[in-house]
Amino acid sequence: MAAPSEKIDFSSKQEPMLRDASSLKQGSISDDDREVFKANVDGVEYRTVTWQRAIVIFIKIQIATGVLGIPTALYNLGAVGGGICVVAFQALNLYTTIIAGNFRNNHPECHTIVDMAGVVWGPIGREFVGVIFVIAFIFCTSSSILAISIGLNALSDHGACSVAFTFVGTVLTIMFSCIRTWGKMTWPLTDQALANSHRIGFVSVMAGVLVVVIGVTTKSRPAAAPQTGPYELGFYAIAHPTFTAGITAACSIMVSSCGCPGYIPVIAEMKRPQDFKKAAIIVAALVWSICLSFSMVLYYWCGQWIASPSLGSAGPLLKKVAYGIALPSLVVSAGIFNHTSSKYLFVRFLRNTKHLQSNSMVHWSTWIGCNVGVGILAFILAEAIPVFNYILSLEAALFFAPMSLLFPACFWMYDHKEYRSGSGQQKMIYGAHVLLALIASFLVVGGTYGTVVQIKASYDAGQLSKVFSCADNSNTVGV
């Protein structure tokens, strides 16, 4: 694979256009000419993200709602199976992120994984993946908005209709996501008083989870378990789940480490896109250690009595403390996801026009309209599937398995066609990527089937609230 140029001149103002491979090989077009956003323009300066700031953004993309769903998944997979899944998926997703980032830097005209699909599969592939990309991040936004609604319900003792709390979460999400550049989106994630070295978004969710982790270890039995008499904890080193339960749990864990689709738009706004590996590796190590340690402690002490999201696992009082601390992070997460899908649509509408980086009325109306429109769709979805872990599993199977595992494998094979008929070692490497694509395909089909079956069974058993229900979704009332 050709390595990206170490020095990039950001002075050119030529509008970006997708080019054919032959013209690129001739060297007639510079990398800067092919970048989506230009530096030193009379308008919005998008490419301001350093690799240090990329760490801030990447870690919030991953340490979001995914970490809150892992403890529940461990009950179905057991400590050993769940731990293996956490480690394996994190390693696999780090590798595919590096593959995708390298591919993007080899084709700098790509703003998102959608453009990368266009390079490999042409216009039809670009349109198909574009639909997947938008819907995927609408799912992510909706899961975060639902978590905000649950938090507000818990803090207020169900003081209002849950739909109203979901709407409040949607409004807060849209307000944050309307910040135009990734570089400026880092200011709500950092604490200026500490020289931008600590992230409010990251610290708040970690502090909330830590409250729960400490809280559950101080109790003789889980808060949700019967408080008198014998009870079954439900902690298993090795579990024996059904296929549907196991694949759904595995997908919930996988989505917690799927950074690739969200990283690519940030890389497109980096000052030096080739520095993305530094940030990706550091974030992967942090996410792996945090997810594994916190989730294992919660599962060990709560077993089958883990709440979903896990912030509600330590009882009513600590649940309020945890949600009160973590609420800013939930809003930040929802805003980041809403920003990602909105930015794709925004670039899609205004690419190759003067309005992309200007402060014109067209620019502002398009940007705000994309954020509001996507936010409304996320609000509707949050009310249509009002169960946190099912949203995570469905978005993982349908969207993030292909975007984080399947498509990067295909991107690698596209850039390494010669390996298919090369030496024995090259053929083995090529075959390993074919295997990765097959594993991803299995997760797509099996995960979607398992999640749909479980959602249907829960609805039939009356375990799920109705759509647009005012009922308490935090399990606070009556506790």
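Any Cβ shown, glycine's included, is placed from N, Cα and C.
TrEMBL assigns the feature transmembrane segment to one of the listed ranges (58-87, 238-267), namely 238-267. At the 8 Å Cβ cutoff, the transmembrane segment (279-301) and the transmembrane segment (200-218) share at least 3 close pairs (sequence separation 6 or more) and count as touching. For the transmembrane segment (321-340), the neighbouring stretch richest in Cβ pairs under 8 Å, chosen from 128-150, 162-179, 361-382, 388-414, 434-455, is 162-179. For the transmembrane segment (434-455), the partner stretch with the most Cβ pairs below 8 Å, chosen from 200-218, 361-382, 388-414, is 388-414. Counting Cβ pairs under 8 Å to the transmembrane segment (128-150), the top-ranked stretch among 162-179, 200-218, 361-382, 388-414 is 388-414. Count of Cβ pairs under 8 Å against the transmembrane segment (361-382): among 162-179, 200-218, 238-267, 388-414, the largest is for 162-179.
By the Cβ criterion (under 8 Å, sequence separation of 6 or more), the transmembrane segment (238-267) is in contact with the transmembrane segment (388-414), since 3+ such pairs are found. Among residues of the same chain six or more beyond the transmembrane segment (200-218), those with a C-beta under 8 A of the stretch's C-beta atoms are 56, 59-60, 63-64, 67-68, 188-191, 290, 294, 297-298, 301-302, 310-311, 313-315, 318-319, 321-330, 332-333.
Long-range contacts of the transmembrane segment (162-179) within the same chain: residues 141, 144-146, 148-149, 152-153, 156, 185, 188, 330-332, 334-336, 338-339, 342, 367-368, 371-372, 375-376, 378-379, 382-383, 386, 468-473, each at least 6 residues beyond the stretch ends and with a Cβ under 8 Å from a Cβ of the stretch.
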